[in-house]
């Protein structure tokens, strides 16, 4: 009996040492714990990488950083044109920006040139955009649209180029300059650069016009009230 019990204990000990019994569960638990620890370390590393990436983006270091959006003021950047001229250019730009995304793409430019009576080939339209497409996005922003008229005023456009045709055929305040040809129009614009106080004078003029319109509205409202009270 004692011999059988001793033999059983020895077999039990051998099974434990050979990993065929309960310690196996302990080893499995240890292994599972190791996997969990590894997974935790991996998750911590991934989180740390994301936080580091976010920090790089905030500091403008990452590859996918968004370009800084600079405020574009056409009145200060394009001083060779009057405020009224720029507003008319903006009106023309918005007229052909059919998708209302603040850009004129190739198809919208195609429609513009057709409306101006100077249709262009597909390659011609691409070359027109390429000549002023500073950010290489394949379309015209309002600033790039203004560059067309700046280049025309500076004589930087070939006379047979699509952009020169666009500038020549546009009807932007030509009559207010007292000239009929585009050449005289652009010469007048260049000469206006020397008028240092022109910008301030135009602002004052706009303010006076708004003030006058407001006074006229008040006068009409007062007259309407008097007329209304007369029928009571």
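Cβ coordinates are placed from backbone N, Cα and C, and glycine is handled just like the others.
A TrEMBL annotation is a machine prediction, not a hand-curated record.
Feature annotations, reproduced from TrEMBL:
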COILED    189-218  coiled coil
COMPBIAS  14-38  compositional bias 'Basic and acidic residues'
DOMAIN    84-119  domain 'EF-hand'
DOMAIN    120-155  domain 'EF-hand'
REGION    1-46  region 'Disordered'
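Counting residue by residue with DSSP, the domain 'EF-hand' (120-155) contains 23 helix, 1 strand, 12 coil. Taking H, G and I as helix, E and B as strand and the rest as coil, DSSP gives the domain 'EF-hand' (84-119) the counts 23 helix, 1 strand, 12 coil. When pLDDT is averaged over the coiled coil (189-218), the result is 70.
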